[in-house]
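This report refers to the structure that appears directly beneath it.
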């Protein structure tokens with residue numbers, strides 16, 4: 001389908017378009033014209049990704065000054081899906097235009113997913129893979145090999161060295177599988193192929209961390225130009241990603257490992273002093289001249305990037321007391337020993353970075369300035385010593401990153417020292433949490449650097465919370481409804497059981513036997529009437545375990561077994577993957593299954609249950625965060641004092657965005673259908689419901705907001721009977737989707753109404769002039 005938005009020709013790779021897709025593309029185009037930040041909430045399953053890509057690729061080709069799209073998503077599966085959509089779009093553009101445009105689209109993920117080296121790819125831990133990769137690909141390793149030394153290298157990486165960076169791969173859209181196959185065929189490293197081709201790409205699709213986490217962004221995204229268009233897709237959790245990228249946890253175990261790493265560094269320094277003291281002398285001279293000079297090496301060799309934001313890195317020489325290698329090692333020893341003594345606590349301590357630094361100075365005489373240079377100084381030392389096996393240095397990296405962060409940032413951070421790592425632990429296992437409280441710190445450089453930033457998801461409501469939390473002004477802020485020829489999803493609020501007892505996951509009520517029994521009855525009854533797959537979500541793993549145990553003793557699970565298999569999500573990703581595969585198999589072969597999951601878990605965030613895989617979703621309770629968490633309490637206090645966001649408002653906003661995310665799992669298109677059950681009396685209150693996305697709110701009828709279990713079952717049965725009636729594509733024509741003719745008619749009407757509005761406005765202006 002080809003149509004115009006203003007003067008921009010759009011090629012859309014489907015013969016039909018949803019009305020909300022067209023509106024979304026219009027708003028996208030206007031926000032790109034204006035520059036700045038747009039916040040757009042698009043309903044689940046309405047083709048958000050292809051709308052974005054069609055509009056922005058057309059915009060790129062029409063306005064060549066906007067040459068690059070940086071598309072950030074959260075999970076591997078979403079990156080793969082976006083690349084597949086882009087590939088389809090470019091194939092369609094080629095067929096319509098009659099020639100192939102010079103276009104390169106690439107996706108980037110971690111070494112763990114792209115590595116081809118036989119021994120490295122076997123490793124399960126991402127940090128170990130990164131370290132092993134560096135030990136084979138660092139510049140000095142290659143130099144040693146060329147000098148005739150017998151050192152292991154990676155042939156996949158070595159084969160890239162003789163090629164020009166811009167000619168590693170040909171134009172086209174390369175999915176992650178494509179680039180891996182190409183690497184196997186040509187014996188070239190897929191990871192470094194993509195890394196080196198990023199400056200030459202038209203579209204880059206990768207994870208948020210490549211742009212928001214300074215430790216990664218400084219290596220990967222530093223060379224991207226300011227005229228890039230940045231899209232954060234599935235961005236409902238973007239504030240949490242920002243906070244995690246600047247937060248660090250240290251435990252006693254990590255400090256012990258850091259001490260071992262310091263000892264091995266010391267040993268290496270002594271060896272180098274004996275064999276080649278000029279190395280250390282050269283490094284010292286470079287540090288005297290200035291740190292940037294010392295680190296002027298290939299980014300691919302870098303041991304670690306600076307954990308602070310680029311504008312917060314000090315552009316000056318390293319302080320004299322940590323320039324010499326032996327002095328720096330003594331400095332690290334002293335700091336780690338100090339942290340170990342701080343760990344010996346029996347009660348919780350919370351303090352600001354300023355008071356922590358003052359305490360460090362009082363006890364150890366360590367100043368703030370050298371701490372601030374720790375990360376860069378360690379990187380320089382590891383490079384000078386030419387240490388290739390760095391996998392044991394991960395804990396030391398964390399310690400120096402902590403030192404650099406705590407000495408750099410005074411506002412928006414807190415240190416919390418807890419004697420127990422988990423709430424229900426009995427054996428002391430102290431943990432030092434350095435937590436970022438202000439999400440705007442990490443994203444601010446992105447807003448300042450790039451001309452256009454689009455933040456979009458299916459669950460951003462209430463929209464006004466994000467500009468407050470992330471400190472930005474929008475040029476466009478919109479939540480779209482959903483146009484349906486028939487209501488293909490049924491959202492309803494169940495506030496009480498069949499015995500009229502109110503149901504809630506509130507802490508005081510959650511273990512009440514009548515509430516547990518009523519929740520169990522809801523699961524049993526919906527298992528009976530729902531065909532194929534049913535997904536249930538709970539506020540936490542703790543509550544899930546507790547209620548499943550109670551249901552087992554009440555015989556409720558035995559009752560559910562009669563109708564469907566029962567599978568449970570666990571914190572272990574491998575177990576959860578296995579449970580999902582079994583769930584899908586049971587749905588496909590007609591046995592049917594119930595998947596018991598957790599809001600904020602893997603299932604709620606990245607797994608789609610389209611068609612028969614999810615005919616109903618039940619949200620048991622409201623997924624509030626654990627409010628006794630000290631980090632959360634500190635963040636709530638910060639939001640209240642700094643941005644005037646009340647605690648209750650933030651907690652409700654956070655809970656409702658996760659509830660909406662869970663509900664959206666079962667609706668993956670307008671030809672799909674599903675039941676959405678909100679099982680908690682608190683959902684009956686309008687202050688909760690109004691925080692749901694517009695596309696869910698518009699289909700919650702007044703009669704479905706205060707139901708008992710029996711009433712909800714009657715509504716669900718009626719809905720499923722309706723969905724079973726024949727419903728063809730022609731029934732949706734002109735309502736839930738438009739052909740090209742429908743679209744042109746709509747555009748004419750819009751132009752006509754705009755002209756009428758304009759003439760009215762001019763008439764009013766004339767009247768004002770006459771009166772004056």
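Positions of Cβ are set from backbone N, Cα and C atoms, glycine also.
For the [4Fe-4S] cluster site that Swiss-Prot gives as 133, 154, 189, the extra residue drawn from 115, 228 is 115. Checking Swiss-Prot for motif 'DEAH box' across the ranges 221-224, 229-232, 233-236 points to 233-236. For the motif 'DEAH box' (233-236), the DSSP-based tally of helix, strand and coil residues reads 2 helix, 0 strand, 2 coil. A mean pLDDT of 91 is what the model gives for the motif 'DEAH box' (233-236). With respect to their backbone Cα atoms, residue 45 (ATP binding site) and residue 189 ([4Fe-4S] cluster binding site) stand 35 Å from each other. Excluding the listed site residues 42, 43, 44, 45, 46, 47, 48, 49, the same chain places 20, 21, 51, 458 with Cβ atoms within 8 Å of the centre of the ATP site Cβ atoms. Take the Cα of residue 48 (ATP binding site) and measure to each of the binding-site residues 133, 154, 189: the nearest one is 189. Rounded to a whole number, the distance between the Cα atoms of residue 115 ([4Fe-4S] cluster binding site) and residue 43 (ATP binding site) is 36 Å.
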